[in-house]
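Quick notes on the structure that follows.
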Amino acid sequence: MPTEPAEPDPNASAANAAPLAGKRPAPPCTLVIFGAGGDLTKRLLMPALYNLSADGLLDDGMRIVGVNHGERETAEWRTELTESLRRFAADRASTFHTSQLDEKSWDWVVQRLQYFAGEFESDATFESLGQLLAQAPSGNVVFYLAVSARFFRPIVEHLGRAGLLKEERGNFRRIVIEKPFGTDLASARDLNAQILSYASEPQIYRIDHFLGKDTVQSILAVRFANALFEPMWRREYIDHVQITAAETIGVEARGGFYEQTGAFRDMVPNHLFQLLGMIAMEPPNSFDAETVRDKKAEVFDAIQPLAARDVVFGQYEKGPAGPGYREEPDVAPDSRTETYAAARVHIDNWRWAGVPFYVRTGKRLAARRTELCVQLKTVPFRLFRDTPVDRLTPNVLTLRIDPAHGTSFDFNVKVPGPVMQIGAAQSSFSYGDFFTERPNVGYETLLYDCMLGDETLFQRADSIETSWAVADPVLHPKDGPLPVHGYAAGSEGPAEADALLAADGRAWRSLSGTGQRN
Ligand code: BG6
């Protein structure tokens, strides 16, 4: 275990780029990544650090220590990360500054990388880590737990016992924890209690990467920076809301993880509820972290616990898009794990009582689409009774998160011609048509905010627990496990999910086309 901190070579190290307009670089700190060899580090954290470096948002006093079991040289780790970043940059130009790696910005990061071999559960690791951190140029430290959830507790406990979470002489010590944060209410409570016995709430940054997406953050801007929406954003005008996170990919190499987790735990109480919180929260008085999080907490608190009748589970079977889930690697041939979940959510407060929020997510669906659709109530038909018009389609505001970034609004217009005919029209906006989109893998803002100490986009202990409390009756159903219905890989999901909305006289928005499914 090396105990000398990485010192950027003054000849080789590129100077940091000039900061992006209107932004200041984060304060100096050491970023300690547990799980240096993992996928998250390679695919998301390093690309995000690279993008931040290119934007000049990192301080020259930054150091990055990657902890993992297994001896290896820092040089070897640097080469591996460089190769993977080069591959990603070529594959996914939109998420990076150029399709060719900008050597200067990456070199700035590479010079600060140091590999640190150590077991996550051994006292010796944390003792040596303490010595290393004592020599770092800054006393500020962010500990990033990019590890499997079973290591969250032991790592935090060891950090606490080794005294590495003590904030002294104005230095910060922060812990970033990935999802899944618990697997139900009891486990999330336990985990919170255990972590909070070593660190205070302001030191804990529970990540939900959906909140790092620019398009998710812009939900608040659309709602609160326009006079048009807020007056109608309530039960008097809104018929229902649909929140979709549909994926075309299957479980890929994550069969083992997915068998334990399933689509519901993986996506609903975290990603989908976070989107719901943004849509449903009351206007905060400021963007202050506690104010925003208080408003979201009120929404989660008002959601009624889910009942089995409000939830549909599905599992993909062999279909046009490929083999079934049970044929995937590391999946039991008789698995009952759901790869699709839909739910009808009721928010029992003055703004939303009586307005259902339908949420759905699934793997191997007809299209990749993350979006929120707010459907307004239909207007009285009286005026059109004596005309050839037979129906009016409802107004729908759609906020597109992925892969398209933008909004659209469905409304009715007169069809040109001598008779009164109404036609459905759509007005849409794409961010790319008006703005230059920033290269982004989704973790840039989250890492930067954590270094700045801004917790707005991170989840607080109480909200995590209230979200699990809503989900708990479905996770531990009194009348036995929920049925898991089959759907063809590449389809729109199970028929039972259609029936959930049909029972309310509604239909899901089509994944493959536009408008409602008939
Ligand atoms: C992750 C889930 O949190 O989010 C994955 O574990 C899922 O199963 C992913 O694929 C979806 O995120 P995104 O940003 O690709 O929509």
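Note: Cβ is positioned from N, Cα and C throughout, glycine not excepted.
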From 1-22, 155-176, 199-220, 419-440, the residue range that TrEMBL assigns the feature region 'Disordered': 1-22
Listed co-binder of substrate (same site as H209, K213, E247, K363, source TrEMBL) among D239, D266, D348: D266
Cβ packing number for H209 (substrate binding site), 10 Å threshold: 19
Which of E247, D266, the listed binding-site residues, has fewest other Cβ atoms within 10 Å: E247
Averaged pLDDT score, the domain 'Glucose-6-phosphate dehydrogenase C-terminal' (220-509): 96
F120 (NADP(+) binding site) versus recorded positions E247, D266, H271, K363 - nearest by Cα: D266
Taking residues H209, K213, E247, D266, K363, which bind substrate in the record, the widest Cα spacing (Å, whole number): 20
